[in-house]
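For reference, the structure is listed below as structure tokens.
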Amino acid sequence: MAYSLYWPDYLVLVALLVFYACVGIWYGYENQIKRLWRRMRGKDVEEAAPMTTDDIFLGNRRLGLLPILGTTVASFISAVTLLGTNNEVYTNGIEFGLMMLAYLISFPVAAEVYVPVFYKLELSSSHEVIYIAVVLYAPSLALSQATGWDVNIAIVAIGLVATFYTTIGGIKAVVWTDLIQMVVMLVGFIMIIAMGAAELGGIDRVVQIAADGKRLDIFNFDFNPFVRHSFFALTFGGAGMVLSIYASNQTSVQRYLACKDLKTAKTWVLLLNNLLLLTIIFNVCR
């Protein structure tokens, strides 16, 4: 069955991209815009200070908890996660959901061990070029499948818009656009689950179909390291993987260094854990 986008879909897509660009312009020229507004109202205008490296990469370390939380969820719950997790659960069952236990182990460690070290060192980057390439390719591939565009055109389009608002607005633009993206994704998760359940006749029917297909077998306590998934591999091996992503990865480091103080950064890590557990549940249920 072939699917295609209709004009409301294109309208939402274009509106979202334009909004991202506008956020980048606002945070890139915030001081100039405010000075112009004051001048138009006949008030005294002070010379705008030039943007520093801290302004661009870390938002001058004055960003609050909510936008930092939103941007991190949006950054890591990418097309790679959305497409890969669904395929894993559909093919092999919900055992992969045990990764939630790894999150419960890793995030307190990240909050109390890694965040204070990076925060006190006042670093701004631990760049991951390969990760950025994969994360850019995955949504471009999904967009090309939905629209019929060549995947290279989709890569250029998404890359140009993201580069535009990031270059002009810095981390502030990224944080606030990602917060909107997080809300859109969570609402999308809920709508997909609700519509799918309604179409199949209710949650009970969904669970029955999953059980008949042997997709609900979750606890495998086999010590064999060569099985696809086991309780021990997903919990303890997964904890190491989660730490590498959310404690020392550039995307995480840059965001918790942008928090206004160490307490906010630690709180961000612990709340992020809860939000990501929620998205795993939604993704598994989809």
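A Cβ is built for glycine as well, from the same backbone N, Cα and C atoms used for every other residue.
Here is what TrEMBL says about this protein:
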TRANSMEM  6-29  transmembrane segment
TRANSMEM  63-84  transmembrane segment
TRANSMEM  96-117  transmembrane segment
TRANSMEM  129-147  transmembrane segment
TRANSMEM  153-175  transmembrane segment
TRANSMEM  182-203  transmembrane segment
TRANSMEM  226-246  transmembrane segment
TRANSMEM  267-284  transmembrane segment
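Scored by C-beta pairs under 8 angstroms, the transmembrane segment (96-117) has its highest count with 226-246, from the stretches 63-84, 153-175, 182-203, 226-246.
When Cβ distances are compared across the two stretches, the transmembrane segment (6-29) makes no contact with the transmembrane segment (267-284), since fewer than 3 pairs at least 6 residues apart fall below 8 angstroms. When each of 153-175, 182-203, 226-246, 267-284 is checked for Cβ pairs under 8 Å to the transmembrane segment (63-84), 267-284 comes out on top. For the transmembrane segment (226-246), the residues of the chain that approach it from at least six positions outside its boundaries are 76, 92, 95-96, 98-99, 101-103, 105-107, 109-110, 114, 219-220, 252, 269, 272, judged by C-beta separation under 8 angstroms.
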